[in-house]
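Q: Pasting a structure below so you can have a look.
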Amino acid sequence: MEREKRPLKETVPGRHRSGAPPPPRVPGRHRGGAAPPVAALAPPPPRVPLRQLFRVASVACGVQFGWALQLSLLTPYVQELGIPHAFASLVWLCGPLSGLIVQPLIGHLSDRSTSSFGRRRPYIVGGAATIGLSVLLVGHSADLGRLLGDPPAGSRHPRAIAVYLLGFWLLDVGNNTTQGPCRALLADLAGKDHRRTRIANAYFSLFMALGNILGFATGSYSGWFTILPFTVTSACSINCANLKSAFLLDIILLIITTYISISSVQEVPLNSSSVAPYSAEGTEEQLNHGQEAFLWELIGSFRYLTLPVWMVLIVTALTWIGWFPFILFDTDWMGREIYRGNPDEGQRYQTGVRMGAFGLMLNSVVLGFTSMVIEKMCRKLGAGLVWGISNILMFFCFVAMLIISYIAKNTDYQSSGLPSVGIVVSALIAFAILGAPLAVTYSIPYAMISSRIESLRLGQGLAMGILNLAIVIPQQLELQLLDCRQINRT
């Protein structure tokens with residue numbers, strides 16, 4: 001007798017068989033029409049050793065070496081090329097604008113890259129190559145400007161300025177192209193282990209500190225033109241030759257650290273069948289996004305951010321309102337406010353700039369030490385409390401710098417025109433102490449975003465881009481306000 005067939009169990013549309021509600025719709029998923037083919041996830045990779053995370057993070061050293069030179073030397077250099085001080089901040093607008101567009105876009109593309117070389121590594125290599133090209137343009141801008149027709153004498157060098165701006169823009173694009181995918185790669189390798197995610201970002205912060213130390217030490221040394229005499233030309237003075245030499249050293253270090261980073265891990269490439277391998281999100285990622293624009297996906301992602309993620313973004317934005325003016329004008333502040341120098345008159349300004357670079361080197365030493373103990377502090381106090389304490393410390397240091405400026409302004413200097421030892425030491429101490437909260441800023445927000453973005457099914461690359469928006473939007477607003485104020489003064 002034929003066995004009676006049992007009817008299939010009815011299921012409620014829109015619900016799983018377990019009765020749980022379906023997961024929230026995430027921007028970038030298929031909408032309407034036939035459902036995409038579902039494929040099984042690749043098995044999770046073996047636990048990645050910490051030493052491998054350490055090597056992957058090493059590219060931050062080469063990237064940050066160039067960034068340190070950019071911070072310590074380029075604001076004075078643009079004024080030597082003839083850009084007035086009131087308009088110098090306009091040049092720095094390139095950074096926030098490129099960060100606003102480039103890093104979210106690169107993060108989005110790296111989440112979905114099907115390159116046989118891997119998802120993140122092609123962008124790390126491409127960003128490093130862009131940085132190398134950009135520092136060559138910046139360092140040789142005076143020579144290229146003369147070659148293109150700049151006059152031998154004069155306070156303005158329009159063609160050199162044009163070459164410099166091109167190189168400066170590419171430098172920021174390269175920085176954003178490299179750092180976002182590298183942090184995303186660290187998050188991928190750390191998986192769902194929040195502790196290892198914090199350690200990976202602490203490694204990244206440690207290498208940033210090492211790059212800063214090397215970069216600021218290089219920027220504070222004024223004798224590179226004697227070691228590399230070919231850098232001195234008729235169009236490039238001693239200060240220009242020192243900058244050019246420093247950037248040549250940056251290219252060498254960048255090549256070494258990029259090779260160490262990309263050769264330390266073998267990424268599992270995505271295939272073209274819309275199936276993503278195991279990632280830190282623990283979900284299958286669909287790659288068929290041709291019907292949706294990137295901007296819509298980025299904006300749509302904000303609808304699915306939870307309150308803890310929003311809190312991380314808000315605190316990050318408020319923190320960078322304080323950090324960006326310091327990063328932008330730290331050595332210029334030392335040259336103008338403490339040493340009372342002028343870029344166009346004498347050597348006092350350049351002496352102050354080099355002393356500011358030395359202060360930033362001390363800052364980076366403290367940054368590196370703090371990076372090594374951040375994980376222990378987070379385990380003992382909690383990441384949120386550590387971040388809060390660091391922001392309070394940052395506030396008091398900035399108040400101290402205002403007091404130092406007031407004292408320097410109302411103090412009679414020596415006959416040589418140089419500030420007293422006490423004023424200089426106080427400024428250096430403020431620079432050094434700021435390294436501790438800066439280390440926290442470079443690591444904890446990224447670790448928090450990586451660990452809290454998992455349930456939202458957003459790629460780590462896009463998550464890093466969203467966090468970067470919280471950094472660059474305040475910077476852009478600050479620069480626009482500063483530009484308007486300085487232009488009105490002139």
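Glycine is treated like the rest: Cβ placed from N, Cα and C.
Feature annotation from TrEMBL assigns region 'Disordered' to 1-41. Look at TrEMBL and you will find 1-13 tagged as compositional bias 'Basic and acidic residues'. According to TrEMBL, the transmembrane segment annotation covers 53-71, 83-102, 123-141, 161-178, 199-221, 241-262, 304-329, 349-373, 385-408, 420-444.
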Q: Out of 53-71, 241-262, 420-444, what stretch is closest in contact terms to the transmembrane segment (123-141), meaning most Cβ pairs under 8 angstroms?
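A: Out of the listed stretches, 241-262 contacts the transmembrane segment (123-141) most.
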Q: Return the stretch with the most CB pairs under 8 A relative to the transmembrane segment (349-373), choosing among 199-221, 241-262, 304-329.
A: 199-221
Q: Are the transmembrane segment (241-262) and the transmembrane segment (304-329) near each other by the rule of at least 3 C-beta pairs under 8 angstroms (pairs 6 or more apart)?
A: no
Q: Look at every Cβ pair spanning the transmembrane segment (161-178) and the transmembrane segment (199-221), keep those 6 or more apart in sequence, and say whether at least 3 of them are under 8 Å.
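A: No, the transmembrane segment (161-178) and the transmembrane segment (199-221) are not in contact.
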Q: The transmembrane segment (199-221): which same-chain residues, six or more beyond its ends, come within Cβ distance under 8 Å?
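A: For the transmembrane segment (199-221), the nonlocal Cβ contacts are 50, 53-54, 56-69, 72-73, 182-183, 186-187, 189-190, 242, 246, 249-250, 253, 257, 354-355, 357-358, 360-361, 363-365, 367-368, 371-372, 374-375, 435, 439, 442-444, 446-447, 450.
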Q: Below 8 angstroms Cβ to Cβ, which residues of this chain, lying six or more residues outside the transmembrane segment (420-444), approach it?
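A: Residues packing against the transmembrane segment (420-444) from afar: 198, 201-202, 204-205, 208-209, 319-320, 323, 326, 330, 334, 338, 355-356, 358-360, 362-371, 374, 378, 383, 386-387, 390-391, 393-394, 397, 400-401, 404, 407-408, 411, 413-414.
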